[in-house]
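Comments concern the structure below.
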């Protein structure tokens with residue numbers, strides 16, 4: 001079994017990837033989507049989203065990073081994919097699942113699930129453009145308005161050359177509302193010969209067990225569940241081995257938060273950093289009651305020095 005950290009725009013950036021992969025249990029992670037259209041993007045654009053390329057395409061914990069592209073122009077995607085490989089991408093992932101309205105209006109993400117033929121063209125052209133030893137993978141939802149074309153889309157991706165398909169078991173219209181329709185993952189696996197990875201609504205070890213029972217998927221991808229419970233992958237890995245599951249305590253999480261905050265101060269402006277910390281705290285409230293107290297304490301705080309003191313960070317250089 002492999003457990004992947006999902007790509008989430010504006011949330012799972014290199015700072016949070018570094019924090020979460022250090023906890024353990026995550027086998028690979030993916031960049032936020034890198035939007036490409038009409039032209040070959042410069043190297044610094046890729047490094048912005050994948051700073052791990054400077055570290056052999058791995059986080060400091062040694063977790064491999066995949067690079068995800070988003071767009072609808074097969075030629076442009078293929079050219080940028082080839083360049084990304086030159087920069088160090090070990091795996092190329094294609095985004096056909098983003099539900100954001102602004103992205104869909106620009107013919108990116110889940111809107112392309114209405115066009116299985118285009119999915120096939122994109123994957124096949126990217127596959128031809130990158131070295132044979134670099135896998136091309138894809139992430140999809142079950143459809144746009146409904147699941148009518150789910151199987152056709154999966155076939156198109158596999159036939160185009162996708163080596164693996166991550167299935168977020170909801171439609172675009174479903175957004176992130178529960179439930180995730182895990183039974184569809186099993187149906188998709190029946191019609192394609194490549195591995196299918198289950199994604200959606202895995203917040204606990206028990207969710208993982210139910211997902212596995214329903215869809216039979218060997219591998220899983222977790223997004224918000226891992227952000228809300230940073231040791232979830234480690235818990236699942238332990239459960240899968242029959243070992244005792246010992247959840248991370250709030251006290252054990254504190255050093256992570258402090259390190260994360262210090263990294264935000266280094267990589268972001270003093271205006272951006274407080275919002276980034278609060279964004280993570282909001283999701284942590286789903287697993288830790290103490291996070292609610294901390295969030296309420298910091299909610300209106302914008303002074304970074306004050307936040308540093310409230311977090312108990314050392315002010316020494």
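Including glycine, each Cβ sits where the backbone N, Cα and C put it.
Listed by Swiss-Prot as binding FMN are 7, 8, 9, 68, 199, 200, 201, 223, 224; the candidate from 132, 139 that the record includes in that site is 139. Within 10 Å of the C-beta atom of residue 9 (FMN binding site) sit 18 other C-beta atoms, taking all shown protein chains into account. Residue 276 (site 'Interacts with tRNA') falls within a helical segment according to DSSP.
Residue 95 (site 'Interacts with tRNA') is 5 Å away from residue 139 (FMN binding site) when you measure Cα to Cα. Distance from the CA of residue 98 (active site, proton donor) to the CA of residue 223 (FMN binding site) is 13 Å. In this entry, 7, 8, 9, 68, 139, 199, 200, 201, 223, 224 make up the residues listed for FMN, with the farthest two CA atoms of the set 21 Å from each other. A gap of 10 Å separates the Cα atoms of residue 95 (site 'Interacts with tRNA') and residue 7 (FMN binding site).
Inclusion criterion for the recorded positions 7, 9, 98, 200: a C-alpha placed within 10 angstroms of the C-alpha of residue 176 (site 'Interacts with tRNA'); this criterion is met by 200.
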